[in-house]
Amino acid sequence: MHVSTLLVAVLLPLALSKPTPRKKTSSFKVHLARRGETEYYRDGPTDLQRAYAKYGIPTTHEMEGYHPQPISKLPGNSKATAGSGKEGVESQDEKGEVVNNPTDHDIQFLSPVTIGGQPFIMNFDTGSSDTWVMNTQMTDEEAKKDHHLYDPSKSKTASKLVDQNFDIKYGDKTHASGPVYSDVMDIGGATVRNQAIGLPSKVAASLAEDKTSDGLVGLAMTKLNTIRPVKQKTFFENLAEDLDEPVFTAQLRHGKMGSYEFGAIDKSKYHGDLIKVPVINENGFWEIPCSLYSVGKLDKIQTIQNGTGTAILDTGTTLLVLDEKIVKAYYAQVPGARYDPTRFAGWVYPCNSPMPSLFLAVGTDHMAIIPSSLLTFQSYGPGPDGVETCYGGLQSNNAGGIQILGDVFFKALFVVFDQRGPSISLAPHA
């Protein structure tokens, strides 16, 4: 098979609410400052367990015995803060942009959001369609600690949506549920006046323990929205008709500041040409064909055999979660790699082992390279044998029938989400 090297750096082609009317003449870049003097992180097995829960993937017997680690304090300097929302504001034009901040190990890319004039740091999630925020009406006082809390009584623009409730479940254990309010929501200068926002009266402990984030902005399709009895549009869907282009882009880079941008595609943020891929949106996800892979070399392209054939682009998931066939083929090329069913309930390897790159199909005509440098999630230090152990950024979907292109994928590629079609487009980061 002849393979062009036109985009060899990362992409390789193979043979219901109303948004605020806005002028399309200005935008704002919002730089993050610090969020206090504490910093938090998750561990790899916990993130994998949460990914399984989010998509209802059955856990392994070993994972059922693995207890998610509480969010732990670490020394360091990659901290996020919710300030006034105006710090470091830089006026530009014809687009709305918000700069995100990676937390430890790039587990989340967090961004400043203003709701009813109140500032928060939130996680943008292209794998769900509900927007919800920690708030003063939560019944669990412990869950409120160390979060910025939305108070509808302090907003002049808030109104409760009568008899409307949301209940988003990420598997059996992780959830958020409660009443729904409408309020003005601003992200990087892009504003929706009557955005539906869930105010959970209770949240799962794993969500409350994540002190880096005050909530979630869902950016998948309305079909996934859990508000009842009437589904509500996402922030992006409300905003799209007032944008120059109905798009938003994700620039999530390893260990660096990145950005989400609404209404325009900044050509300075990527190399080469964008590769456009139609989205399979029947399930409400940003889902694309993904049925080919190769480990290390493009001359050994293999077809995924178990019939999954698609993958979901999800900024709310940390890891790359793929069919077990791919994962086993990858780690077969990593000296000392093994599936550890006890301590890690996932794939680990000596940190000094050479790692191959991973090639994945994006659509039917192109392959994306995930560089080896992005495929280590974190180190756990020396094991009993004195060898430093690393947890892989690539993990198995446990035959769950769903493949998830999480932040490991986004760190390799600049991604455009386009409502027209819909479609996604990809290119190497600049």
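Start at 1 and count along the chain as shown; that gives each residue its number.
Just so it is clear, glycine is given a Cβ too, placed from its N, Cα and C backbone atoms.
Here Swiss-Prot flags 1-17 as signal peptide, drawing on sequence analysis.
The region 'Disordered' annotation in Swiss-Prot covers 61-104.
What Swiss-Prot records for 87-104 is compositional bias 'Basic and acidic residues'.
Annotation comment: Swiss-Prot describes 109-427 as domain 'Peptidase A1'.
Sequence annotations record features per position, and here Swiss-Prot assigns active site to ASP125 (among others). When other Cβ atoms within 10 Å of the Cβ of ASP125 (active site) are tallied across all protein chains shown, the result is 20.
Annotation source Swiss-Prot lists N-linked glycosylation site at ASN306.
Taken residue by residue with DSSP, ASP314 (active site) is part of neither helix nor strand, so it is coil. Per Swiss-Prot, active site is recorded for ASP314 (among others), and the stated evidence type is sequence analysis.
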ASP314 (active site) has its Cβ surrounded, within 10 angstroms, by a count of other Cβ atoms equal to 28
Report, in whole Å, the straight Cα-to-Cα distance of ASP314 (active site) from ASP125 (active site).
-> 6
